[in-house]
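For 6-31, 38-66, 72-93, 114-138, 158-177, 209-228, 240-262, the entry in TrEMBL reads transmembrane segment. Residues annotated as domain 'G-protein coupled receptors family 1 profile' in TrEMBL: 20-260.
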Amino acid sequence: AALNPWDVMLCVSGTAIACENALVVAIICYSPTLRTPMFVLVGSLATADLLAGLGLILNFVFQYVIRSETVSLLTVGFLVASFAASVSSLLAITVDRYLSLYNALTYYSERTVLCIHTMLAGAWGVSLCLGLLPVLGWNCLHDHAACSVVRPLTKSNVTLLSASFFLIFLIMLHLYIEICKIVCRHAHQIALQQHFLTASHYVATKKGVSTLAIILGTFGASWLPFAIYCVVGDPDYPSVYTYATLLPATYNSMINPIIYAYRNQEIQRSMWVLFCDCFQAKVSFRSRSPSDV
């Protein structure tokens, strides 16, 4: 079959995603100091995005090399589970950031570690179940009238996935609004204690709120078009519409390592140690907490 340029772009995107996130996973696994709940969540996100990138590559290979209904179902299920785990990990990171501000005094406790591990277990468990649905029979291979804009997923399947995404997006929006309120309240309390709001406090507060807006805006801009099209689209529409909304959704997994990993100074230090082995003690790094945004 002739190569579809959209499939090639998805494969290239998957390759970039896999390389970026494989580096993050390697750094976190290599560095014993990166064992805090925050980095466990970042590692979960990087692992999910790494699997998603590999899934895009495998989908391209199997689509043009091994044409099989069974392989197609397995690949689609793998992609659904990976991207669902990625979105769920983003939600878990948002919850962790909220808890680190709302319960700052009790955040570094065993209860928080248990909460984080429970969230991750639930997120990966639900994601795996969503990925197994098409493999276990919720597909349209034998009923083309039930197909959605993403074959071989059914309309009801993509509706469930889209509804889950909208719910997660609304929860993240609510939590980030609450985080902004807490940050602004902290800045106001500091201003009252010092009798005025210094320029540095104002800049830090503005930067924090702007970063939160960028995080949520990037997530929404990446996934919302595809989620909306899955609900309103028709399988008879040209496939270019599906590709045009799906490709930006994959970019979210490409941007995640930059937002959540490479900007962190402890991961930057671990990269020095891992690749250069020439880290000098005179170079100072400040340890960041989950509330640093």
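Each residue, glycine too, has its Cβ placed from N, Cα and C.
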Practice task
Report, as numbers and ranges, which residues of the same chain sit near the transmembrane segment (6-31): CB under 8 Å and 6 or more residues beyond its ends.
Solution key: 39, 42-43, 46-47, 49-50, 52-57, 59-60, 63-64, 239-240, 243, 246-247, 250-251, 253-254, 256-258, 261-262, 267, 270-271, 273-274
Problem - Stretch of maximal Cβ-Cβ contact with the transmembrane segment (114-138) [cut-off: under 8 Å; candidates 72-93, 158-177, 209-228, 240-262] - result: 72-93
